[in-house]
Amino acid sequence: MAAASTPPRAERKRXSWSRLPGAQRESAGLAKKCPFSLELAESGPPSSALYAPVSPPSAPEPAPPASPASPAPPAADQGPQPPVSLDPRVSIYSVRRPLLARTHIQGRVYNFLERPTGWKCFAYHFTVFLIVLVCLIFSVLSTIEQYATLATGTLFWMEIVLVVFFGTEYVVRLWSAGCRSKYVGLWGRLRFARKPISIIDLIVVVASMVVLCVGSKGQVFATSAIRGIRFLQILRMLHVDRQGGTWRLLGSVVFIHRQELITTLYIGFLGLIFSSYFVYLAEKDAVNESGRVEFGSYADALWWGVVTVTTIGYGDKVPQTWVGKTIASCFSVFAISFFALPAGILGSGFALKVQQKQRQKHFNRQIPAAASLIQTAWRCYAAENPDSATWKIYIRKPTRGHALLSPSPKPKKSAMVKKKKFKLDKDNGVSPGEKTLPVPQITCEPPEERRPDHFPVDSHDGSVRKSPALLEVSTPQFLRTNSFAEDLDLEGETLLAPITHVSQLREHHRATVKVIRRMQYFVAKKKFQQARKPYDVRDVIEQYSQGHLNLMVRIKELQRRLDQSIGKPSLFVPISEKSKDRGSNSIGARLNRVEDKVTQLDQRLVLIADMLQQLLALHQGRCHGGAHPAQARDGDPADPELFLPTYEQLTVPRRDPEEGS
C-alpha cells in the first residue's frame, strides 16, 4: 500500500480535497474540525479502485461509478452512490501505520508519571523509591568515620546519576503537563511549577547540583556549609507520594475529629502546667545526693512534666521530697490519661476513614449497575412506543459522501488497533467488565437490482464489518434443481444492506429488538442485585436497624391518623375508668365504642323516620276530610300524637304506663 509523503498541511488538504467527488466534498468538511487530516488510500492504479456494491434502499438503480481520473459530475447528475465501507472508528485516519499524536504521547506520559496505574507504573515508582532510599542510607553512612571513605566516593557518583535523572524527569513532567487544559502554554507550565510537590522537586535538584558543584576532589559534603544542604536531599522521600494522598487522609481525619483533639490537648496542657508548677513549689529547695538542686527553675519543672506525661521518663530529674512525689504521682495519672487520648482518637479515625472508603467503593459499584438497570427498563418500556426515536439507535447512519474502498488491513494492524482502543478505554476509566450496553445494528436484504459486472463479491464481504451484535436477515439461496433453472441468471450469494431508515424495519425486526431489550433488562437486574448485596455484617445490621426505624415511623403515622379519625381515649373515657381497665383504651375497644355509637345513632334515625311517617299519614287524612281515628276515639284535641315530637321525646326513651304506676 503506497502512501504519500507527508506534505505540508495546506497542500495535503488540497490534494485530498481534489481527489474527492463532488458529493463527498460536503461530507469531507467534517475533517476540518478533526486534528487529523482525511487521507484516501490508493491501491495500485486509480482504475483498480473499488466501490461498495451495496446501494441505499431508496435508490432504484445505482449509476455506474466514475473513474477517479475523470472529472466528477455534479451530485444531482451523478445520483446516489453506495456508502463508504470504512470502519467509522478509523475513517478519519490514514490507512498507513497510524502516527501517535503529540497530545496523545503527552497524555500517556502525564498519566504514567502523575497518575500511576498498573504494574508498570508501580515498578517504575517503586524502583525510584529504592534508589532514593539507598542514596539516603549512603548519606547516613558518610557521617560515620568507619564508613566515610567508602560511602562518600560511592555517594558522589550516585548523586550525579540522581541529579541527571530527577532533572530529566522534572523537565518531562513539565512538558507532559501540556495535555491538561489548565497547564497549556507558558502560564500553564508556571502554574504547574507552582505546585508544592513541583517546588520540592526543583529544590531537591538545585540542592543536589549545589552539593556536586561546591564539593572538592569528588568528596561530597566536604564543608560545613554543604553539610547544611544535606537535609534538603531528605525531601526526595516526598517524591514517592506525589499526589499527597497520605497528607490528605491525615488532614481529613484530624479535621473530622478536631473537637475531640482540641479538648484532650487543652485539658492535657492544663494538667501539664499545674503539675509542673506544684512540683516546682515542692522541690525548689530540695537537694539531691550530689548536693545539686534539680528543680532550680520552673523550666526544669516543665521539662520534667513533659518527659513524665508523655511516658518517656529519661530519669534525669526526680522529685526528692515525699510531698513532691505525691503531687507528681497524682498529676501524672491524670495528665497521662489525657495525653494518650489523641493516639486513640486518631487510630479510630483512621479505621473509620478506611471503612468509609470501602463503603464508598462498594456504593460506586452500584452506580453503573443502577444506571444500566434504569436504561434497560426504559428501553423495555419504550419498545412498545411506535415513535421513530425508539428505533433510531438500531439504524446505521448513512454516509453523506462516497469514498474509495481500501483493501482489508493486515491482521497484525487490526490487532494493534484493537489493542490501542483497549488502552484508550482503560485510560478513560472504562474497564472491560463495565462496558456500556451494545446496540445491535440491523441489516436487511436490499431490493433486487442489477449489479455492475466489475463488482467482485469477495471485496464486499471483506468490507462489511462483522460484529456479534449485527442482526443479519438473509433469504435462502436459489438452487438449480431442474434444467429450467439453468436458464435463470441468479446470484450466487445474497448481500446484506444496512437499514438506514426506520420505515425499513419489519415486524420480526421489532420483535427481535424487544427480546434483546428484555434479556438486557434481566441481566442488568441481576447485576444490580449482586451489587446491592452487603459485603459486611455491619451493613446487614445497619440495614435492619434502618428498616426497623422506618417501620416505627410508619406505625406512629398510622397511630396519629387513627387518633385523628376516631379520637383519643382521653376525649370520651372518664378518668375513673382509665385506672380500672387498661385494655379498654386499646384500638379494638375504641373501635367497638365507635360501633356502639353508630348503632345507637341508627336506632334514633329509625325512630325519627317512623314518627315522620305517622305525621305524613295524619296530614293526608286531614286533607281528605276524614277524622283521625285517635280524635274520634278520645275526642281530645290536645293529643300529643297530633303534634311534632319534642326534643325530650326524641332523646329520652318513653316509659310504659305500668312502669310509671
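Every residue gets a Cβ built from N, Cα and C, even glycine.
Per Swiss-Prot, these features apply:
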REGION    1-29  region 'Disordered'
TOPO_DOM  1-119  topological domain 'Cytoplasmic'
MOD_RES   Ser27  phosphoserine
REGION    42-88  region 'Disordered'
COMPBIAS  54-85  compositional bias 'Pro residues'
TRANSMEM  120-141  transmembrane segment
TOPO_DOM  142-152  topological domain 'Extracellular'
TRANSMEM  153-175  transmembrane segment
TOPO_DOM  176-191  topological domain 'Cytoplasmic'
TRANSMEM  192-217  transmembrane segment
TOPO_DOM  218-225  topological domain 'Extracellular'
TRANSMEM  226-241  transmembrane segment
REGION    237-245  region 'Interaction with KCNE3'
TOPO_DOM  242-259  topological domain 'Cytoplasmic'
TRANSMEM  260-282  transmembrane segment
TOPO_DOM  283-298  topological domain 'Extracellular'
CARBOHYD  Asn288  N-linked glycosylation site
INTRAMEM  299-319  intramembrane segment
TRANSMEM  322-347  transmembrane segment
TOPO_DOM  348-661  topological domain 'Cytoplasmic'
REGION    369-381  region 'Interaction with CALM'
MOD_RES   Ser406  phosphoserine
MOD_RES   Ser408  phosphoserine
REGION    514-528  region 'Interaction with CALM'
REGION    534-571  region 'Interaction with KCNE1 C-terminus'
COILED    584-620  coiled coil
REGION    587-615  region 'Interaction with AKAP9'
REGION    588-619  region 'C-terminal assembly domain (tetramerization)'
REGION    624-661  region 'Disordered'
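Comparing 369-381, 534-571, 587-615 for CB pairs under 8 angstroms to the region 'Interaction with CALM' (514-528), the maximum falls on 369-381.
With helix defined as DSSP H, G or I and strand as E or B, the region 'Interaction with CALM' (369-381) counts 13 helix, 0 strand, 0 coil. In sequence order, Glu294, Val318, Gln320 are the residues of the chain that are 6 or more apart from Asn288 (N-linked glycosylation site) and have a CB within less than 8 Å of its CB. Tertiary proximity for the region 'Interaction with CALM' (369-381) is limited to same-chain residues at least six positions away from its ends with a CB under 8 Å from its CB atoms, namely 437, 514, 517-518, 520-521, 523-525, 527-528, 530-531. Residue counts for the topological domain 'Cytoplasmic' (242-259) under DSSP, helix first, then strand, then coil, are 14 helix, 0 strand, 4 coil. Sequence-distant contacts of the topological domain 'Cytoplasmic' (176-191), counting only residues of its own chain at least 6 positions beyond either end whose CB sits under 8 Å from a CB of the stretch, comprise 103, 106-107, 109-110, 113-114. Looking at the topological domain 'Extracellular' (142-152) alone, the prediction's average pLDDT is 80. Secondary structure of the topological domain 'Cytoplasmic' (176-191) per DSSP, as helix, strand and coil residue counts: 14 helix, 0 strand, 2 coil.
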